[in-house]
Amino acid sequence: MCSSLPIDSLQSVAQEMGVDVRSKAFAREMDARDKLAPLRDEFAIPKAQDGNDAVYLCGNSLGLLPKRAQTLVAEEFQVWAESGVIGHHQHRHGRPWVTIDEQVVGKSATIVGAKPAEVAVMGTLTANLHFLMVSFYRPTAQRYKILLEKRAFPSDTYAVKSQIQFHGYDPTTAMVALEPREGEYTLRHEDILAAIEEHGDEIALVLFPGVQYYTGQLFDIQGITEAAHRKGCYAGFDLAHAAGNVPLRLHDWQVDFACWCSYKYLNSGPGSIAGIFVHEQHFDNPALPRLTGWWGHEKTTRFDMSDEFTPSPGAAVYQHSNPSVLNTVCLLGSLQVFERAGMEQLREKSLLLTGYLEFLLQDLVQKFNMKIITPRSPSERGCQLSILLDCDVDTVFPQMMAAGLICDERKPNCIRLGPTPLYNSFTDVHRAAEIICRVMTAASAKSA
Ligand SMILES: *Cc1c(COP(=O)(O)O)cnc(C)c1O
């Protein structure tokens, strides 16, 4: 495959403009040409200490507030205040609460590449992961293992361990936890496939992230799924860092199930409502047990209040409770903006932004002995770059924040920068690189 790197196309644009790719003028001109640039106005951008917009590169942790969400929530308060319980069925803005999830299911399905019936918007990520494992982790004496990565997000590891114990197995033997090779930071696809090949007959479930939260590595979801299926294992994915970050095609890739939170790249607000995917090939699978609640009941007869559970068609059967309307409309506000942009166009800009950041940091990385642990290949990462510093992150992180760069730190020495194409600009990336340069230079002068 011969695809040129994003920085190559930036270089040629700079040449054509007749400006230095490292200059602020270049960043400004890129913003002027960016068709997605107006979307920034849809978001509330936090301020730095000096009163100017901060450089917010933390969408990987908590997406910014879409201004529409504020309007939508205000409308829900209005209906609640005026109508109380009547709002469940009559709603002056056309969003009756009993079917509020319908506002976001189709748009969420578009983001993850699913049919609408394969997606439900419900609950929270870790809880949903448990509910899905109730269905898809059915250990037997021969097949009882879960393959995951050793450095998975802790909540996922806890969930897996406790599921294994819940079924009476021992995590020390039932967890196959993959680590990068000695001296490496990310997993090689061939090593994942080899592990599936080696342990596959004993593996019930292969559980991977779409994008690794710490390194930013994007996994080959389709390849992992195919390998798992060849060995008779289910393949599930935690898309917390993938949904809204990279294009996904869960249906075509034959993924069995997936779950994600929506407060990271999907900007629905802290702790807001999450999403699940169940492939349609499992809709009528009687071998899959499920924990149910009234909201999973078929909706036209849900309020008959029968003792007999009639399943909703599709992934909606996994819903337990009536969803938080305030959370759901926050998500709606964000998904309306996504709809204007389109995931393919966002990805195109995302590749440029991250390639630009990587390029601007290259000299600094050399000079200050830092290491970018995110894969270099754009096809193996989302927007995030994870950087290991040659010093304690606490000695520079507060200075970066004070200078107006909002990113996140993972002790002892990692910072993660996630330029997101919905609201970040090329100027943001340029400013971020400048701030990091200034802070690192000052810190090394001090320690010298
Ligand atoms: C953000 C994140 C979580 C957080 O879980 P919640 O249940 O939403 O608190 C879990 N797993 C992964 C992989 C994450 O990135």
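Heads up, the Cβ atoms here are built off N, Cα and C, so glycines get one too.
Positions annotated as pyridoxal 5'-phosphate binding site by TrEMBL: Leu125, Thr126, Phe153, Pro154, Ser155, Asp156, Asp238, His241, Tyr263, Trp294, Asn322. If you look up TrEMBL, you'll see Lys264 marked as N6-(pyridoxal phosphate)lysine.
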Using a Cβ cut-off under 8 Å and a sequence separation of 6 or more, which residues in the same chain sit near Asp238 (pyridoxal 5'-phosphate binding site)?
Leu125, Leu129, Ala152, Phe153, Asp156, Leu207, Phe208, Pro209, Gly210, Ala258, Cys259, Trp260
Alpha-carbon spacing, the residue listed as 'N6-(pyridoxal phosphate)lysine' to Asn322 (pyridoxal 5'-phosphate binding site), which is rounded to whole Å:
23
Close in space, distant in sequence - Asn322 (pyridoxal 5'-phosphate binding site), Cβ under 8 Å, 6 or more apart:
Trp97, Val98, Trp295
If you count, for each of the binding-site residues Leu125, Ser155, the other Cβ atoms lying within 10 Å of its Cβ, which residue has the minimum?
Ser155
Where does Asp238 (pyridoxal 5'-phosphate binding site) sit by DSSP, helix, strand or coil?
strand
List the same-chain residues at least 6 positions away in sequence whose Cβ sits under 8 Å from the Cβ of Tyr263 (pyridoxal 5'-phosphate binding site), in sequence order, or say none.
Leu62, Gly63, Gly269, Pro270, Gly271, Ser272
Could you tally the C-beta atoms, other than its own, that fall within 10 angstroms of the C-beta of Lys264 (N6-(pyridoxal phosphate)lysine)?
26
